[in-house]
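*Asks:* Pasting a structure here, questions to come.
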Ligand code: ATP
Ligand code: AMO
C-alpha cells in the first residue's frame, strides 16, 4: 500500500506525515499556494510558501483541480485552516492528473439540477455531501444487519430471475432466459414464505427488487434496494411490526451515534424515535385525514401520496416520525384477510416514516385452501404459482414479514428531496447509464 494516513488522523505537531487524495481546491495568493486535499475522511489544507520550499512551490504551479496527489509534511496548528491544522510540505507528488475542464464542479456550491448531477455521477459522487450520504447508508445497513444477526435471523439469497411476478403483473421487466421468457424479480415474497414452510423460522435478505413502474415521482426507482424479513410462529401481525420497529430504531440509533460527522455535513438533526410507534387502523387513518385535513384519497382502499404526507405531519407534531397503518382493504392474496373477530379488513400494514411509505408487511395466509380461494376471487392465475402453493401445502407455521425500501430510508434519514440521490447509480425509466 502507498504510505499515507487519512486527513482526519492528522494532528498538529505530530511530526512528519504522508497524506494522499484529490485536489479539492487551489488558492493562489502570489508567494503562497493553498491546496485543499480531500480524501474519504475529509479535507486538509497544505500551504506551499515560495520562500520556505521554492522547489515544491515551483512544482505546485502546474497542479489542477481533482489531480490525485501525495504530500509529506509537518502538520502545524492554524486557526485559519479548516479543521485547525495545516501541512507544511516537504514532499509533493502528482500521482495522476485530472483532465480539465471538469464537467461538474466538486468544491463549489453551485446549484446543478439532479439530471446533470446523475449524468456526471462519477464526479458528483466525489462531493463531500454526496459521500456523506453513502457513508450514512453504509452505517444504517451495517446496523440493520447487525440487529438481525444478533436476533439469529438467517441471511438468505433468493433468485433475481423468475418465471413470473409476485406483486402484480404489469410491473415486470421481461428478459430472455436462454430460449425462455423470464422476468427480473419484483420481490422475494414467494421464496421467503417457502423458507418459512421449510422450517427456517426467521430470515432476512438485503437484496434488490425490480419494478417496471412508469413513474415520475421523487420516491420511485426501477431498481430498488429492498430489505426483506420473514418470521414464523407469530401470534399475529403485531409480532412482525415489533421486529420492524425495533430493528429500525436500532439502525437509526447507530446512525445517530456512528455517522455524526456525516449527519453534520448533511445538516441533519436525526431524531431517534424512542417511544412506541403509533399503530392506527386504516379506518382511523381515513378519519384523521377527513376530520383534520378534509382530505379524501381518490382510491378508498389505499392512502395516496398526499394522505401519507398529511398523516406524517399529524404524527410528527406529536413527536412520532414513524407510525404504522394497519388493515388495508383489498390486499394481495398472500396477506391474511377477512379474519373473523378482527377489527381490520386485513393483517397488512404499512410503516410510514417522515410522511412516506417505508415498508409494507403483515401476517401471511398459511392456510393454503383459504389462500387459493382468495386468489380465485381476485382472478389470480393459480397455475403460475403452483410451486409456491405446493411448497406451503406440506405444513406451514403461521408467519409474516415485511419488505423495507432501503433507498427510501436513506432518502428520509439524509433528508434528500429525491430517492435517486440516495442511490449511487440509480435506474429510472429514462436512465440506463452511468
Ligand atoms: P408499493 O406500490 O410498492 O407498495 P408505493 O409507495 O408505490 O409502494 P402504493 O401503496 O402502491 O405504495 O402507492 C401509494 C400512493 O403512491 C398511490 O396512491 C399513488 O398516489 C402513489 N404512487 C404509487 N405508485 C406510483 C407510481 N408508479 N407513479 C406515481 N405515483 C405512484
Ligand atoms: P411493496 O411492494 O410495498 O411490498 O414493497 C416494499 C417496499 O419497497 C419499497 N418500494 C420502492 N422503493 C422505490 N421505488 C419503487 N418503485 C418501490 N416499490 C417498492 C417501498 C415499499 O414499502 N412483498 C411485499 C413486502 C412484504 O409483504 O413482505 C412488497 O414487495 O419502501
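Glycine is treated like the rest: Cβ placed from N, Cα and C.
No curator has checked TrEMBL annotations; they are predicted automatically.
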*Asks:* Going by TrEMBL, 211, 212, 213, 219, 220, 221, 405, 406, 407, 408 bind ATP; tell me which of 152, 274, 275, 357 is listed for that site too.
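*Replies:* So the ATP site in TrEMBL includes 211, 212, 213, 219, 220, 221, 405, 406, 407, 408 plus, from the candidates 152, 274, 275, 357, 357.
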*Asks:* Out of 181-184, 185-188, 189-192, which range is noted as region 'Aspartate' by TrEMBL?
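*Replies:* It is 189-192 that TrEMBL describes as region 'Aspartate'.
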*Asks:* Using only what TrEMBL says about L-aspartate binding by 211, 360, 364, identify which of 167, 257, 313, 316 is listed for that site too.
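*Replies:* The one candidate that TrEMBL places in that L-aspartate site: 167.
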*Asks:* Where does residue 408 (ATP binding site) sit in the DSSP three-state scheme?
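*Replies:* DSSP assigns residue 408 (ATP binding site) to helix.
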*Asks:* Looking at the recorded positions 82, 211, 213, 357, 408, which have a C-beta within less than 6 Å of some atom in ligand 1?
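*Replies:* Only 213, 357 qualify.
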*Asks:* Under DSSP, is residue 213 (ATP binding site) part of a helix or a strand, or is it coil?
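*Replies:* Residue 213 (ATP binding site) sits in coil per DSSP, no helix or strand.
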*Asks:* Where the record says 211, 212, 213, 219, 220, 221, 357, 405, 406, 407, 408 bind ATP, what is the longest distance in Å from one Cα to another among those residues?
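*Replies:* 19 Å is the greatest Cα spacing among the residues binding ATP.
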